[in-house]
Amino acid sequence: MSIENKNTGVKKVVLAYSGGLDTSAIIPWLKENYDNCEIIAFCADVGQGEEELVGLTEKALASGASECHIVDLKEEFVKDYIYPTMATGAIYEGTYLLGTSMARPIIAKAQVEVARKVGADALCHGCTGKGNDQVRFEGCFAALAPDLKVIAPWREWTMQSREDLLDYLAERNIKTSASATKIYSRDANAFHISHEGGELEDPWNEPSKGVWTLTADPEDAPNQPEYVSLEVENGRVTKVNGEALTPYAALMKLNAIAAPHGVGRIDITENRLVGMKSRGCYETPGGTVMFAALRAIEELVLDKTSRTWREQVGAQMAHLVYDGRWFTPLCKSLLAASESLAESVNGEVVVKLYKGHAIAVKKRSPNSLYSEAFATFGEDQVYDQKHAEGFIRLYSLASRIRALNAK
(Lines of atoms letter the chains of each structure in order from A and count residues from 1; the text may use other names and numbers.)
(Lines give C-alpha, C1' and ligand atoms only; values in the text may rest on other atoms or scores of the structure.)
Protein backbone atom coordinates (compact mmCIF):
# COMPACT_ATOMS: atom_id res chain seq x y z
CA MET A 1 0.00 0.00 0.00
CA SER A 2 2.97 2.33 0.34
CA ILE A 3 5.98 3.34 -1.70
CA GLU A 4 9.62 3.07 -0.75
CA ASN A 5 10.50 5.97 1.47
CA LYS A 6 12.45 8.02 -1.02
CA ASN A 7 10.50 11.09 0.11
CA THR A 8 12.82 12.64 2.62
CA GLY A 9 13.09 16.32 3.42
CA VAL A 10 9.38 17.18 3.60
CA LYS A 11 8.55 18.49 7.04
CA LYS A 12 5.13 20.11 6.77
CA VAL A 13 2.41 19.51 4.17
CA VAL A 14 -0.81 21.44 3.55
CA LEU A 15 -3.43 19.01 2.23
CA ALA A 16 -6.55 20.10 0.36
CA TYR A 17 -8.95 18.21 2.60
CA SER A 18 -12.63 17.42 2.12
CA GLY A 19 -13.20 14.80 4.79
CA GLY A 20 -14.08 12.23 2.15
CA LEU A 21 -12.59 8.79 1.78
CA ASP A 22 -9.63 9.81 -0.38
CA THR A 23 -8.32 12.65 1.74
CA SER A 24 -8.98 10.75 4.97
CA ALA A 25 -6.63 8.05 3.71
CA ILE A 26 -4.08 10.55 2.45
CA ILE A 27 -3.31 11.89 5.94
CA PRO A 28 -1.92 8.63 7.41
CA TRP A 29 -0.37 7.73 4.06
CA LEU A 30 1.62 10.98 4.04
CA LYS A 31 2.90 10.32 7.54
CA GLU A 32 4.01 6.82 6.59
CA ASN A 33 5.66 7.77 3.33
CA TYR A 34 7.03 11.23 4.00
CA ASP A 35 9.10 10.74 7.16
CA ASN A 36 6.25 11.30 9.59
CA CYS A 37 5.81 14.86 8.33
CA GLU A 38 3.29 17.23 9.90
CA ILE A 39 -0.05 17.41 8.08
CA ILE A 40 -2.08 20.62 7.98
CA ALA A 41 -5.59 20.00 6.66
CA PHE A 42 -7.08 22.82 4.59
CA CYS A 43 -10.70 23.05 3.50
CA ALA A 44 -12.07 25.75 1.21
CA ASP A 45 -15.67 26.75 1.89
CA VAL A 46 -16.86 27.63 -1.60
CA GLY A 47 -20.52 27.08 -0.81
CA GLN A 48 -20.62 23.29 -0.95
CA GLY A 49 -23.03 23.29 2.01
CA GLU A 50 -22.79 23.48 5.78
CA GLU A 51 -23.43 19.76 6.09
CA GLU A 52 -20.12 19.11 4.35
CA LEU A 53 -18.24 21.13 6.98
CA VAL A 54 -19.82 19.77 10.16
CA GLY A 55 -17.29 17.79 12.17
CA LEU A 56 -14.60 18.31 9.55
CA THR A 57 -11.95 19.56 11.96
CA GLU A 58 -12.51 16.66 14.35
CA LYS A 59 -12.34 14.18 11.49
CA ALA A 60 -9.07 15.64 10.20
CA LEU A 61 -7.44 15.56 13.62
CA ALA A 62 -8.64 12.00 14.21
CA SER A 63 -7.00 10.95 10.94
CA GLY A 64 -3.67 12.39 12.05
CA ALA A 65 -3.62 16.04 11.00
CA SER A 66 -2.19 18.49 13.52
CA GLU A 67 -4.41 21.38 12.41
CA CYS A 68 -7.44 22.03 10.21
CA HIS A 69 -8.01 25.39 8.54
CA ILE A 70 -11.50 26.00 7.11
CA VAL A 71 -11.40 29.17 5.00
CA ASP A 72 -14.61 30.95 3.99
CA LEU A 73 -14.23 31.82 0.29
CA LYS A 74 -17.89 32.01 -0.72
CA GLU A 75 -18.19 35.74 -1.35
CA GLU A 76 -14.77 36.02 -2.98
CA PHE A 77 -15.53 33.02 -5.18
CA VAL A 78 -18.66 34.58 -6.65
CA LYS A 79 -17.37 38.17 -6.79
CA ASP A 80 -13.86 37.61 -8.14
CA TYR A 81 -14.16 34.38 -10.11
CA ILE A 82 -17.74 33.59 -11.16
CA TYR A 83 -18.86 37.13 -12.02
CA PRO A 84 -15.73 38.04 -14.04
CA THR A 85 -15.83 34.73 -15.92
CA MET A 86 -19.51 35.13 -16.78
CA ALA A 87 -18.83 38.68 -17.98
CA THR A 88 -16.57 37.21 -20.66
CA GLY A 89 -19.38 34.93 -21.87
CA ALA A 90 -17.30 31.82 -21.19
CA ILE A 91 -19.11 28.54 -21.79
CA TYR A 92 -17.13 25.37 -22.48
CA GLU A 93 -18.03 23.42 -25.62
CA GLY A 94 -21.23 25.43 -25.94
CA THR A 95 -22.88 23.95 -22.84
CA TYR A 96 -20.84 23.87 -19.64
CA LEU A 97 -20.78 27.00 -17.45
CA LEU A 98 -17.52 25.88 -15.76
CA GLY A 99 -18.77 25.49 -12.20
CA THR A 100 -16.05 23.10 -11.07
CA SER A 101 -13.32 24.70 -13.17
CA MET A 102 -13.85 28.19 -11.73
CA ALA A 103 -13.52 26.92 -8.17
CA ARG A 104 -10.08 25.39 -8.61
CA PRO A 105 -7.94 28.55 -8.84
CA ILE A 106 -9.41 30.18 -5.73
CA ILE A 107 -9.00 26.93 -3.76
CA ALA A 108 -5.40 26.58 -4.93
CA LYS A 109 -4.65 30.21 -4.08
CA ALA A 110 -6.08 29.85 -0.57
CA GLN A 111 -4.17 26.60 -0.07
CA VAL A 112 -0.92 28.36 -0.95
CA GLU A 113 -1.79 31.19 1.44
CA VAL A 114 -2.28 28.70 4.28
CA ALA A 115 1.01 27.04 3.37
CA ARG A 116 2.81 30.37 3.61
CA LYS A 117 1.10 31.14 6.90
CA VAL A 118 2.12 27.89 8.59
CA GLY A 119 5.54 27.63 6.96
CA ALA A 120 4.85 24.48 4.96
CA ASP A 121 7.28 23.16 2.39
CA ALA A 122 4.81 21.03 0.41
CA LEU A 123 1.28 21.01 -0.97
CA CYS A 124 -0.89 17.93 -1.46
CA HIS A 125 -4.14 17.22 -3.32
CA GLY A 126 -6.35 14.17 -3.71
CA CYS A 127 -7.01 14.42 -7.44
CA THR A 128 -6.80 11.25 -9.50
CA GLY A 129 -4.28 10.75 -12.27
CA LYS A 130 -7.05 10.57 -14.87
CA GLY A 131 -8.82 13.86 -14.29
CA ASN A 132 -8.57 17.55 -15.09
CA ASP A 133 -8.23 18.73 -11.51
CA GLN A 134 -4.68 17.48 -11.02
CA VAL A 135 -3.61 19.76 -13.87
CA ARG A 136 -5.67 22.69 -12.62
CA PHE A 137 -4.33 22.55 -9.09
CA GLU A 138 -0.73 21.95 -10.03
CA GLY A 139 -0.84 24.60 -12.74
CA CYS A 140 -1.99 27.11 -10.14
CA PHE A 141 0.64 25.91 -7.67
CA ALA A 142 3.33 26.39 -10.32
CA ALA A 143 2.20 29.98 -10.90
CA LEU A 144 1.81 30.90 -7.23
CA ALA A 145 4.33 28.78 -5.34
CA PRO A 146 6.91 27.18 -7.63
CA ASP A 147 9.19 26.65 -4.64
CA LEU A 148 6.80 24.27 -2.86
CA LYS A 149 6.86 20.53 -3.50
CA VAL A 150 3.61 19.06 -4.81
CA ILE A 151 2.49 15.62 -3.65
CA ALA A 152 -0.18 13.72 -5.62
CA PRO A 153 -0.85 10.41 -3.79
CA TRP A 154 -3.06 8.94 -6.52
CA ARG A 155 -0.02 9.01 -8.81
CA GLU A 156 2.18 7.34 -6.19
CA TRP A 157 0.34 4.80 -4.09
CA THR A 158 -0.78 1.35 -5.18
CA MET A 159 -4.38 1.62 -4.00
CA GLN A 160 -6.81 1.50 -6.90
CA SER A 161 -10.34 1.39 -5.48
CA ARG A 162 -12.63 2.55 -2.70
CA GLU A 163 -12.34 -0.92 -1.19
CA ASP A 164 -8.56 -0.52 -1.02
CA LEU A 165 -8.92 2.81 0.76
CA LEU A 166 -11.46 1.44 3.23
CA ASP A 167 -9.19 -1.50 4.02
CA TYR A 168 -6.25 0.85 4.47
CA LEU A 169 -8.14 2.98 7.01
CA ALA A 170 -9.54 -0.07 8.82
CA GLU A 171 -6.04 -1.50 9.25
CA ARG A 172 -5.10 1.72 11.02
CA ASN A 173 -8.28 1.93 13.11
CA ILE A 174 -9.29 5.21 11.48
CA LYS A 175 -13.06 5.57 11.38
CA THR A 176 -14.86 6.79 8.28
CA SER A 177 -18.51 7.14 7.32
CA ALA A 178 -17.71 6.27 3.70
CA SER A 179 -18.76 2.97 2.18
CA ALA A 180 -17.78 0.87 -0.80
CA THR A 181 -21.25 1.27 -2.31
CA LYS A 182 -20.97 4.94 -3.22
CA ILE A 183 -22.45 5.30 -6.69
CA TYR A 184 -21.60 8.78 -7.94
CA SER A 185 -18.65 11.12 -7.69
CA ARG A 186 -19.98 14.57 -6.85
CA ASP A 187 -18.44 18.01 -6.51
CA ALA A 188 -20.48 20.94 -5.20
CA ASN A 189 -20.04 24.65 -4.70
CA ALA A 190 -22.23 27.75 -4.62
CA PHE A 191 -22.54 27.77 -8.41
CA HIS A 192 -23.31 24.15 -9.21
CA ILE A 193 -23.01 20.48 -8.42
CA SER A 194 -21.51 17.88 -10.74
CA HIS A 195 -22.29 14.17 -10.93
CA GLU A 196 -20.10 11.51 -12.55
CA GLY A 197 -19.70 7.75 -12.40
CA GLY A 198 -22.20 4.97 -11.87
CA GLU A 199 -24.56 4.36 -14.75
CA LEU A 200 -23.46 7.68 -16.28
CA GLU A 201 -20.27 6.01 -17.52
CA ASP A 202 -22.39 4.38 -20.25
CA PRO A 203 -23.64 7.20 -22.53
CA TRP A 204 -26.55 4.99 -23.61
CA ASN A 205 -28.01 5.16 -20.09
CA GLU A 206 -30.45 7.92 -19.29
CA PRO A 207 -29.60 9.53 -15.93
CA SER A 208 -31.83 8.11 -13.22
CA LYS A 209 -33.79 10.37 -10.92
CA GLY A 210 -31.26 9.58 -8.19
CA VAL A 211 -28.51 11.39 -10.07
CA TRP A 212 -29.98 14.85 -9.56
CA THR A 213 -29.84 16.38 -6.08
CA LEU A 214 -30.21 20.15 -6.45
CA THR A 215 -33.00 20.75 -8.97
CA ALA A 216 -36.51 19.41 -9.38
CA ASP A 217 -37.31 17.09 -12.26
CA PRO A 218 -38.67 19.44 -14.96
CA GLU A 219 -41.56 17.01 -15.48
CA ASP A 220 -42.55 17.47 -11.84
CA ALA A 221 -41.91 21.23 -11.74
CA PRO A 222 -44.83 23.66 -11.23
CA ASN A 223 -47.31 23.95 -14.07
CA GLN A 224 -47.28 27.72 -13.70
CA PRO A 225 -44.22 29.75 -14.73
CA GLU A 226 -42.41 32.05 -12.33
CA TYR A 227 -40.90 35.37 -13.35
CA VAL A 228 -37.74 36.74 -11.75
CA SER A 229 -36.27 40.21 -12.26
CA LEU A 230 -32.52 40.78 -12.38
CA GLU A 231 -30.80 44.17 -12.41
CA VAL A 232 -27.33 44.30 -13.87
CA GLU A 233 -24.56 46.88 -13.49
CA ASN A 234 -21.31 46.60 -15.43
CA GLY A 235 -22.04 42.99 -16.29
CA ARG A 236 -22.78 41.99 -12.67
CA VAL A 237 -26.12 41.04 -11.14
CA THR A 238 -26.75 43.51 -8.33
CA LYS A 239 -30.46 43.06 -7.58
CA VAL A 240 -32.90 40.15 -7.65
CA ASN A 241 -36.59 41.03 -7.64
CA GLY A 242 -35.66 44.57 -6.64
CA GLU A 243 -33.55 43.55 -3.64
CA ALA A 244 -29.92 44.71 -3.57
CA LEU A 245 -27.70 41.73 -2.77
CA THR A 246 -24.04 40.81 -2.54
CA PRO A 247 -22.80 38.54 -5.35
CA TYR A 248 -22.99 35.42 -3.19
CA ALA A 249 -26.42 36.31 -1.78
CA ALA A 250 -27.73 37.01 -5.30
CA LEU A 251 -26.56 33.62 -6.51
CA MET A 252 -28.06 31.84 -3.51
CA LYS A 253 -31.40 33.57 -4.01
CA LEU A 254 -31.48 32.65 -7.69
CA ASN A 255 -30.56 29.05 -6.84
CA ALA A 256 -33.52 28.90 -4.45
CA ILE A 257 -35.89 30.42 -7.02
CA ALA A 258 -34.78 28.46 -10.09
CA ALA A 259 -34.09 24.98 -8.66
CA PRO A 260 -37.78 24.10 -8.02
CA HIS A 261 -38.42 24.75 -11.72
CA GLY A 262 -35.75 22.27 -12.84
CA VAL A 263 -33.61 25.01 -14.36
CA GLY A 264 -29.93 24.44 -15.06
CA ARG A 265 -29.66 20.71 -15.78
CA ILE A 266 -27.24 19.54 -18.46
CA ASP A 267 -25.97 16.09 -19.45
CA ILE A 268 -22.79 16.34 -21.51
CA THR A 269 -19.90 14.29 -22.80
CA GLU A 270 -16.96 16.66 -22.68
CA ASN A 271 -13.38 16.60 -23.87
CA ARG A 272 -11.15 16.43 -20.82
CA LEU A 273 -7.86 18.26 -20.73
CA VAL A 274 -5.98 14.97 -20.30
CA GLY A 275 -7.23 13.62 -23.64
CA MET A 276 -10.17 11.36 -22.81
CA LYS A 277 -13.88 12.07 -22.95
CA SER A 278 -16.01 11.99 -19.83
CA ARG A 279 -19.69 12.24 -19.16
CA GLY A 280 -21.06 14.52 -16.49
CA CYS A 281 -24.43 15.74 -15.30
CA TYR A 282 -24.37 19.27 -13.96
CA GLU A 283 -26.94 21.36 -12.10
CA THR A 284 -26.50 25.13 -12.25
CA PRO A 285 -29.86 26.77 -11.49
CA GLY A 286 -28.95 30.30 -10.42
CA GLY A 287 -26.00 30.56 -12.78
CA THR A 288 -28.18 29.60 -15.74
CA VAL A 289 -30.59 32.42 -14.92
CA MET A 290 -27.71 34.89 -14.56
CA PHE A 291 -26.22 33.82 -17.87
CA ALA A 292 -29.55 34.27 -19.64
CA ALA A 293 -29.94 37.76 -18.17
CA LEU A 294 -26.45 38.87 -19.17
CA ARG A 295 -26.91 37.56 -22.69
CA ALA A 296 -30.21 39.41 -22.99
CA ILE A 297 -28.68 42.77 -22.07
CA GLU A 298 -25.68 42.17 -24.33
CA GLU A 299 -28.12 41.72 -27.21
CA LEU A 300 -29.35 45.26 -26.57
CA VAL A 301 -26.09 47.09 -25.93
CA LEU A 302 -23.30 45.44 -27.96
CA ASP A 303 -22.88 46.32 -31.62
CA LYS A 304 -22.13 43.59 -34.14
CA THR A 305 -18.33 43.75 -33.96
CA SER A 306 -18.30 44.00 -30.16
CA ARG A 307 -20.61 41.02 -29.88
CA THR A 308 -18.43 38.99 -32.22
CA TRP A 309 -15.34 39.91 -30.21
CA ARG A 310 -17.05 39.00 -26.94
CA GLU A 311 -17.95 35.58 -28.34
CA GLN A 312 -14.33 35.02 -29.33
CA VAL A 313 -13.12 36.10 -25.90
CA GLY A 314 -15.70 33.86 -24.25
CA ALA A 315 -14.56 30.84 -26.25
CA GLN A 316 -10.90 31.48 -25.39
CA MET A 317 -11.70 32.19 -21.74
CA ALA A 318 -13.68 28.96 -21.45
CA HIS A 319 -10.64 26.95 -22.49
CA LEU A 320 -8.32 28.87 -20.17
CA VAL A 321 -10.58 28.28 -17.17
CA TYR A 322 -11.27 24.65 -18.05
CA ASP A 323 -7.58 23.97 -18.63
CA GLY A 324 -6.45 25.48 -15.32
CA ARG A 325 -4.79 28.59 -16.76
CA TRP A 326 -6.39 31.22 -14.53
CA PHE A 327 -3.09 32.67 -13.29
CA THR A 328 -1.66 33.41 -16.74
CA PRO A 329 -1.03 36.67 -18.63
CA LEU A 330 -3.61 35.80 -21.28
CA CYS A 331 -6.35 35.15 -18.73
CA LYS A 332 -5.52 38.42 -16.99
CA SER A 333 -5.69 40.27 -20.31
CA LEU A 334 -9.02 38.76 -21.33
CA LEU A 335 -10.56 39.60 -17.96
CA ALA A 336 -9.34 43.19 -18.19
CA ALA A 337 -10.62 43.61 -21.74
CA SER A 338 -13.99 42.17 -20.79
CA GLU A 339 -14.26 44.63 -17.90
CA SER A 340 -14.09 47.48 -20.39
CA LEU A 341 -16.79 45.97 -22.58
CA ALA A 342 -18.98 45.23 -19.55
CA GLU A 343 -19.21 48.94 -18.71
CA SER A 344 -22.19 49.17 -21.07
CA VAL A 345 -23.86 45.95 -19.86
CA ASN A 346 -26.41 47.64 -17.63
CA GLY A 347 -30.14 47.17 -17.36
CA GLU A 348 -33.00 45.02 -16.17
CA VAL A 349 -34.14 41.62 -17.40
CA VAL A 350 -37.17 39.53 -16.53
CA VAL A 351 -36.53 35.81 -16.89
CA LYS A 352 -39.35 33.29 -17.19
CA LEU A 353 -38.76 29.99 -15.37
CA TYR A 354 -40.81 27.04 -16.54
CA LYS A 355 -40.14 23.30 -16.49
CA GLY A 356 -36.38 23.38 -16.98
CA HIS A 357 -36.24 26.53 -19.08
CA ALA A 358 -34.98 30.01 -18.23
CA ILE A 359 -35.99 32.45 -20.96
CA ALA A 360 -35.44 36.22 -20.92
CA VAL A 361 -38.83 37.64 -21.86
CA LYS A 362 -38.33 41.33 -21.00
CA LYS A 363 -35.19 43.47 -21.20
CA ARG A 364 -34.27 47.13 -21.11
CA SER A 365 -31.08 49.13 -20.78
CA PRO A 366 -30.09 52.81 -20.62
CA ASN A 367 -27.30 51.88 -23.05
CA SER A 368 -29.55 50.07 -25.52
CA LEU A 369 -28.70 50.42 -29.21
CA TYR A 370 -32.10 49.07 -30.16
CA SER A 371 -34.42 51.70 -31.60
CA GLU A 372 -38.03 50.85 -32.26
CA ALA A 373 -38.19 53.82 -34.61
CA PHE A 374 -35.56 52.24 -36.88
CA ALA A 375 -36.52 48.60 -36.44
CA THR A 376 -40.28 48.86 -37.03
CA PHE A 377 -41.81 46.95 -39.93
CA GLY A 378 -44.48 49.62 -40.12
CA GLU A 379 -44.28 53.13 -41.53
CA ASP A 380 -41.42 55.19 -40.15
CA GLN A 381 -39.91 58.65 -40.64
CA VAL A 382 -36.27 57.97 -39.72
CA TYR A 383 -35.06 55.37 -42.20
CA ASP A 384 -35.01 55.95 -45.95
CA GLN A 385 -35.04 52.49 -47.48
CA LYS A 386 -33.58 53.85 -50.72
CA HIS A 387 -30.27 54.32 -48.92
CA ALA A 388 -29.88 50.55 -48.76
CA GLU A 389 -29.16 50.33 -52.50
CA GLY A 390 -25.80 52.12 -52.32
CA PHE A 391 -24.77 50.18 -49.24
CA ILE A 392 -25.55 46.88 -50.92
CA ARG A 393 -23.51 47.78 -54.03
CA LEU A 394 -20.46 48.55 -51.91
CA TYR A 395 -21.00 45.60 -49.56
CA SER A 396 -21.14 43.16 -52.48
CA LEU A 397 -18.40 44.83 -54.55
CA ALA A 398 -15.84 42.06 -54.01
CA SER A 399 -18.34 39.41 -55.10
CA ARG A 400 -19.21 41.46 -58.19
CA ILE A 401 -15.55 41.86 -59.20
CA ARG A 402 -14.87 38.16 -58.61
CA ALA A 403 -17.78 37.20 -60.86
CA LEU A 404 -16.68 39.59 -63.62
CA ASN A 405 -13.12 38.25 -63.52
CA ALA A 406 -14.43 34.71 -63.87
CA LYS A 407 -16.04 35.47 -67.22
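Cβ atoms are placed via backbone N, Cα and C, with glycine included.
According to Swiss-Prot:
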type: BINDING; residues: A16, Y17, S18, G19, G20, L21, D22, T23, S24, A44, G126; note: ATP binding site
type: BINDING; residues: Y96, S101, N132, R136, S185, S194, E270, Y282; note: L-citrulline binding site
type: BINDING; residues: T128, N132, D133; note: L-aspartate binding site
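Sequence features annotated in Swiss-Prot and their locations in the structure.
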| residue | record | DSSP class |
| --- | --- | --- |
| A16 | ATP binding site | strand |
| D22 | ATP binding site | helix |
| S101 | L-citrulline binding site | helix |
| T128 | L-aspartate binding site | coil |
| D133 | L-aspartate binding site | helix |
| S185 | L-citrulline binding site | strand |
| S194 | L-citrulline binding site | strand |
For D22 (ATP binding site) and R136 (L-citrulline binding site), the CA-to-CA distance in whole Å is 18
Neighbourhood of D133 (L-aspartate binding site), C-beta criterion under 8 angstroms, separation at least six: T100, R104, H125, C127
R136 (L-citrulline binding site) and T128 (L-aspartate binding site), compared by Cα position, are separated in whole Å by 12
Residue among binding-site residues Y96, Y282 with least C-beta crowding, 10 angstrom cut-off: Y96
Roughly how many Å separate the Cα of Y282 (L-citrulline binding site) from that of S24 (ATP binding site), to the nearest whole number? 26
Rounding to whole Å, the Cα atoms of G20 (ATP binding site) and S185 (L-citrulline binding site) are apart by 11
If you count other C-beta atoms within 10 angstroms, which of the binding-site residues G20, G126 is the most crowded? G126
Reduced to three states, what secondary structure does DSSP give E270 (L-citrulline binding site)? strand
Could you work out which of the binding-site residues (S18, S24, S101, T128, S194) has its C-beta surrounded by the smallest number of other C-beta atoms within 10 A? T128
Among the binding-site residues N132, S185, which residue has the fewest other Cβ atoms within 10 Å of its own Cβ? S185
Among all the protein chains here, how many other CB atoms are within 10 A of the CB of A16 (ATP binding site)? 23
Measuring Cα to Cα, tell me the gap between S24 (ATP binding site) and N132 (L-citrulline binding site) in whole angstrom. 21
